[in-house]
Amino acid sequence: MTSKISFIKLIRAELKQRGWLLALTCIVLFLSMPVYSMMWLDAYMTNYGPSEYITAAEMYTDIRNMFPGLINGFRFSILTAAFAVFGALSAAAGFGYIHSREKLDFYHALPIRRSRRFAVSWLCGLLTFVVPYVICAALTVAAGAVQGIMDAQLSAACALAALAGILCFLLVYHTCILGFMLSGRTPSGLLAALAIFVYASLVLGTISSLQNVYFKTYYSPGETLSDRLMQVLSPLGLFSAMNNFTGMNGFSPVSFILAAVMSCLLLGAALILYRRYPSEAAGNALSFPAAAPFAKVAVCIPASVFLALFAQAFTGADASGWTFPLSILAALILCALIEFIYRMDLRQLLKGWKSSLVSVAGVAAVLCIFQFDLFGYDTYLPREDQIESIRFRADSFPAYLNSVGYSTGYDDADLYYFGAPAPDSSTHLLYTLAQSGVRSTRDESTGSEENILGAAFCFELESGRSVTRWYTLNFSDAYDIMEELFLNEDYRRSLFPVFTMDREQISGVSLTDAYATSTELPLSEEERNSLLDACEKDLLAVDFSVLQNESPLAELSLDIPDPYAVTSLPASAAADTAASKDSSLDPDSLFTVRGLYIYPGYVNTLDWLEEHGYRIRTEIDPQDVAELTLTLSLESVQSGRYDSLIGSLSGTAVYTEYGDSGLLTVSDTEDIAAVLENTEQYWPDLLGNRLSSGDYLDIRYLEGKGSAAYDVI
Amino acid sequence: MIELKNADKTFRNVHAVDHVTAQIRDGMVFGLIGSNGAGKSTLLRMICGIIRPDSGEVLADGRPVFENPEVKAQICFLSDSPYYFSNADIRQMRDYYCMIYPSFNRKLFDSLTEKFRLESSRKLASFSKGMKKQASILLGLCSGTKYLLCDETFDGLDPLMRQAVKSLFASEMLNRDFTPVISSHNLRELEDICDGIGLLHQGKLLLTEDLDQIRCSICKLQCVIPDARREEALIRSLRVVKIERSGSLLTLTVRGDRSDVLDLARAQEPLFAEVLPLTLEEIFISETEVAGYDIKDFLY
């Protein structure tokens, strides 16, 4: 006789047994989705409703931007937790029977193939969550529609958010099923699921941390390879990516596909294991005992190192000194803990001593690899003929240029920190500089702070790979090479943002002179372009020594749309911006590109400003100042560098010392003139050789002229 | 027919079933007896396809059982501790069995639950252990499968119920192609119901025969022979499994036909000689002692 049991009937019978879970899911999702959304909308409209600061349209725009986050849990962490909890509960309800001999005997004795049994349990778990979730998402959208915020674009964003929520659930659900297949007990199955869920993140994060702790040249700008791998290999990373997804503009098809693929892989692995699941495994910690020592070693090594690094970070202990003993200690404790989980018998903690020994040895080996740099990370330099281009960034560049990277393209987060690649003609010089960095790292040669310079290099190889390193360079070496690099016009063009930025995006130009107050220049587009042309001419002509050694007269700042203020475009404005090149930018959010300094030798710029009636004030007129407050650093107080100044001031000057610093406040014109004569405004130099004294001057100008503050040399 | 061909199963360090070869013919009540941990449950779980043998084959009607729904549809397994869905009552379990086993005899089940006074609306969780077993047996019996594997199912049933269940088995065997396989270590329970038995000891099948044949092939001889040499000659002439002596009374557990044994004993001119049949329990103890499992080691 042939057994033809209806799949639908099996599903129905299974669902009957999970009524409690269905009810619980409905209640929790109903409360945390439509009910919470209505409360949130009401509260938002009450607290941030139209006022003098925000218009109704802006408020609706904000709500639309945030609304999808109410569906995928980004705006409500309890919903995110619900995805994880229901994923685990669905797995336990559907597959927990394999951990009970009675239940397992019952189900496995039935004339149903294991794969069919698996499909029934899996589908029931999915339906138990997805059906209430989709209904609650629809109710949430309905709540939004009642408040008048829904439109086609937001509806699509909400649908994607719901898909992200389902993928979040599936990642946890499938991980838990796989964890259950690896174990014969539910608690250890959940532990196994946790290990699978975080394992890739744990390993990759630990490797990154070890590189940071042990490698002198390690440099991780923005998103590292480990970070990228985490988002691909780790269910946790993908869960996080799905949860952080908030709307149409945050939509990343790759993340969705990767989450779906990861989910399928976990499910496939679980199915394969289920078909081989030994029925006698029920009640044992591991369903495949032969895997016990391997699992122990695989978990123990990264987890021990991670715990040691975490403990160090938590206590603020010295970076590398404690790592080794703490890791070994953590390995021993973890081995004992895992053995206890395996055997549930304190007397048998040493039973798996061989795998414990391998774990401890593995931890020691990993730490030795990093401690002694056995793979030559710190001394590695790609062959020059392999290099396509080099990006170079001295540690001082951001302070001087203020906006390194904004001109290089907004999407490449890594390279943002480096600025534009140096022209090919400069590659050899930079390579030579990097070689000197490798030498100083290898020889561990250090010098006084004035003689050294930290710098990061990004070697972009012809293979498409990027190698980043940070070296300590000899200042004079760096100076000489920079001088040579500055002979190359292309390098100048690559270094200064003004050459590469899209002028059409510049919405404002401001001028800051000795008064340290910023004045917006009301320029037409034509005037703006001619001013920038003049600046560019001067920048191309200026000698490197000027940028390094002279103080500028003034500074120009340029306002551009903030490339990192990526938000959902308001639906109402969609039509207006449909034709724009980059619709992801919020035009209201600005970033100020500073660091366009004007030196005395910038004849073109200075002439342009004079022609157009903009006067640069080279020093502050004491008559314009109502009050000056000079904050003295501990060093200045101890050295007594201002003692004679303080002694020469009138009786109206007030000097008080408190704690580690001193505070000098003057309001008399002569006193103000004396203080201004004895202080010089700090301007950064390109290689960061000029240091601020740590003193600080607050200037309150006469009424109507504002106030300013700057560091003092 | 169920066939075990060199079936073997090891759990970690425990050799639960040690290369067992046996046949369970259709239409007989087969008893699987053995000491605790002998491998009875493992063997039954292999027969019904819960456990895959490490090596060897388990066939039902010539086809492998494991992951073979068509074959498994002919086998119903009743675990020693039956599982019911949480909060389920007897009707819900009946409906589930109806769905799984198309030949489930719903009418018979309903009438039997009534006869056994099992309340159909009462939650099974609130049933006593014996009542749960009764429900399990009725579900298995009415599932309409050819083979019913009962793992220590009779334990926990009161004598009246045991008798009733035995009657039901007999009735089913009359009405349809039905082969129950019952495991137990309570030998008296099986003695009056089984047609054949398999004796398991430490994973090995010591014997598998028809019960009548077993009873005929082993017996107990009690005799008093004054002459020590004649007594020794008698012992040498018999296939002795076990020797016990109480004063001058010699008790021998002997393999062989009863009349032959008696003739051999009488040939040694005993003062007294008598051949007695062995109970199943005595057979079990004797055979396990032969296999090196002495009950006295256990007790003292």
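Note that Cβ sites are derived from N, Cα and C of the backbone, with glycine treated the same way.
According to TrEMBL, the domain 'DUF6449' annotation covers A:459-563. Taken from TrEMBL, the feature transmembrane segment applies to A:20-41, A:76-98, A:119-142, A:154-182, A:189-210, A:254-274, A:286-310, A:322-344, A:356-377.
Here the transmembrane segment (A:254-274) has long-range neighbours at 95, 98, 114-115, 118, 122, 160, 163-164, 167, 170-171, 174-175, 177-178, 180-182, 196, 231-232, 235, 238-239, 241-242, 245, 287-288, meaning same-chain residues at least 6 beyond its ends whose C-beta is under 8 angstroms from one of its own. Between the transmembrane segment (A:286-310) and the transmembrane segment (A:154-182), three or more CB pairs separated by 6 or more residues in sequence fall under 8 Å, so the two stretches touch. Listed by sequence, the residues of this chain that lie at least six past the ends of the transmembrane segment (A:119-142) yet keep a Cβ under 8 A from its Cβ atoms are 7, 10-11, 14-15, 18, 21-22, 25-26, 29-30, 33-34, 37, 70-71, 86-87, 90-91, 93-95, 112, 150, 155, 158, 161-162, 165-166, 169-170, 173, 177, 267. By number of Cβ pairs under 8 Å, the transmembrane segment (A:76-98) is matched best by A:154-182 from the list A:20-41, A:154-182, A:189-210, A:356-377. For the domain 'DUF6449' (A:459-563), the DSSP counts in helix, strand and coil order read 49 helix, 29 strand, 27 coil. Across the residues of the domain 'DUF6449' (A:459-563), the predicted structure has a mean pLDDT of 87.
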